[in-house]
Amino acid sequence: MRAPKRPIHTVSTWVRRQPPKVKAFLAVVTGMAALVVLRFIVHDHDNLFVAAEAVHSIGIMVLIYKLTKEKTCAGLSLKSQELTAMFLAVRLYCSFVMEYDIHTLLDLATLVTTLWVIYMIRFNLKSSYMEDKDNFAIYYVVVPCALLALFIHPSTSHHLLNRISWAFCVYLEAVSVLPQLRVMQNTKIVEPFTAHYVFALGVARFLSCAHWVLQVLDTRGHLLVALGYGLWPSMVLISEIVQTFILADFCYYYVKSVFGGQLVLRLPSGVV
């Protein structure tokens, strides 16, 4: 006698059979529903930003455990870590010269940890680094982000170089995970600790995006005006949304894998 299918399996099978346009529509509807829920259960929406930082920290701790206990960096993208260090360094510079606050200290801690991860991959665990799989050319994202920052940046009273630097780190953060997704696309199999780390990034990006969207709704668009004029306010919001959608597909398969009781995540062709 056949065992009854789990609801999550039935739903995931149905979603997988849908055409891309339907999947995109379902993703948008799910995201909007999640925003509505967060708006009602989280009264102070600034807490969402704090939660995003906390989840990101959990992801980093998982990464540290993998490198120190498992003694391997297999499945990790060195290029993603380098892009992360790059936008964090630029953001730290901007924080020191533009608006020093508690987030500056959080960014400093994250940068130090990221530099340590880079050191471990480059030297201590170099033998397990999948260099042939980590084949994303980072200038494909660095150059466009720099050019975009030259033309679209904040319209504040700060020095032009600082405003361009701030825009650059916003744009680069949005796409910094692409090399990591390329590694997973090349390997097709993602071991647990790497999957946990990337999923934590996805959740953190969603919470950060939710923070910005709900802030805009609460202020009835006045927040966008406060950010300046021109295309910059819209680009900040778009960057947050792009970060979320880049990882949305992976997060779906991660949740499906967890509910299915699979320790190792296997990605079908075309994912990420």
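Every residue gets a Cβ built from N, Cα and C, even glycine.
Nobody curates TrEMBL annotations by hand; they come from automatic prediction.
Among the features that TrEMBL reports, transmembrane segment is placed at 24-42, 48-68, 104-125, 137-154, 193-214, 234-255.
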Against which stretches of its own chain does the transmembrane segment (193-214) lie, if we need a Cβ under 8 Å and a gap of at least six residues from its ends?
31, 34-35, 38-39, 45-46, 48-49, 51-53, 55-56, 58-60, 62-63, 65-66, 70, 75-76, 177, 180-181, 184, 236-237, 240-241, 243-244, 246-248, 250-251, 254, 257, 265
Does the structure show the transmembrane segment (104-125) and the transmembrane segment (137-154) touching, where I'm treating 3 or more Cβ pairs under 8 angstroms (sequence separation 6 or more) as a contact?
no
